[in-house]
Amino acid sequence: MLARKSIIPEEYVLARIAAENLRKPRIRDRLPKARFIAKSGACNLAHKNIREQGRFLQDIFTTLVDLKWRHTLVIFTMSFLCSWLLFAIMWWLVAFAHGDIYAYMEKGTMEKSGLESAVCVTNVRSFTSAFLFSIEVQVTIGFGGRMMTEECPLAITVLILQNIVGLIINAVMLGCIFMKTAQAHRRAETLIFSRHAVIAVRNGKLCFMFRVGDLRKSMIISASVRIQVVKKTTTPEGEVVPIHQQDIPVDNPIESNNIFLVAPLIICHVIDKRSPLYDISATDLANQDLEVIVILEGVVETTGITTQARTSYIAEEIQWGHRFVSIVTEEEGVYSVDYSKFGNTVRVAAPRCSARELDEKPSILIQTLQKSELSHQNSLRKRNSMRRNNSMRRNNSIRRNNSSLMVPKVQFMTPEGNQCPSES
């Protein structure tokens, strides 16, 4: 929830509140780290003080495609309206200069008096009729009520010019709309990443892992994954580099970053000597000011357009000692994927030390696994003993209930005064 602002201005703070603030200084909360790449893949970067704004107009098509939809639709509508109005003024000026307006005012209606062949454009009596004729020419509606004659060469020139301008506007604006609807990042909306990344032991090595999946049946061809670590560093000369990017390799048996994304995959990076995570332990991870950026690229199978999906993981989103649960099962000869468990993780045994310490002391991993096995056996014993105790309590309660439901013996008195027990 958003923090509510104080109703009382700062210059009118009550004395008691001010005294409490002096006696109990507030602990300043740690500000959240600014992400370089948002979880949605958008770049969290603000461009300021750009002096040469005219460079955007030199590539006007890309500028129009990059605009928001509401701005694009406004420009789309205004471009046609402005062109219609501009040429409506030109048609009205042609009719006014040739005297067609006065001719129609004198004759009233067009008759068989030679007026039809004496005007530049028939039935252009006012600016409204000129505007309608401009729309008919540019959109090629062709109602037939207004038509151009051979009387004015200038009108023929205006007709040719309007057709050329109309074709240019149609090509640019319709191409812009098409490119916006077919942009590559639209396909990236169905490429999903796990919300958290994990660090666990795989094949005797500490590994950084995350999960990626595709919701569509149409595949991504030549899909590749790149991972970069972005953090603030300081050079030996004292220069502070706020955004230092470093590529980290992806563990792949074929020594390539290409993947076959037919089902959700767990992408693994082995933390070795080349990795920037080599000296980071579980305790150090919480205090690290780093961001792991993941970039998935590929070609859309249906359109052939190259698409790119991005996400990032900061230190708070990396879970140490967890692994992803399995979500792919085989059902009736078909592999089924349960996306409800896409980001679910379970806790596993993992050393809390860094990968460097693990390489220097391999016994740490053995001790961790032994402790995990012992704790697992103890939990199983406790669970079995609890089940045994619950079973014994249940049996005792059943016996008590059965004993309370036993039918008592009934005795009858004979006329002679003797007791005769009845058979139950």
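Cβ coordinates are placed from backbone N, Cα and C, and glycine is handled just like the others.
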From the set Ser6, Ser218, Ser281, Swiss-Prot tags as phosphoserine just Ser6
Which range is intramembrane segment per Swiss-Prot? Of 139-145, 286-292, 342-348, it is 139-145
The average per-residue pLDDT within the topological domain 'Extracellular' (146-154) comes out at 83
Tertiary contacts of the motif 'Selectivity filter' (140-145), defined by C-beta under 8 angstroms and 6+ residue spacing from its ends, are 123
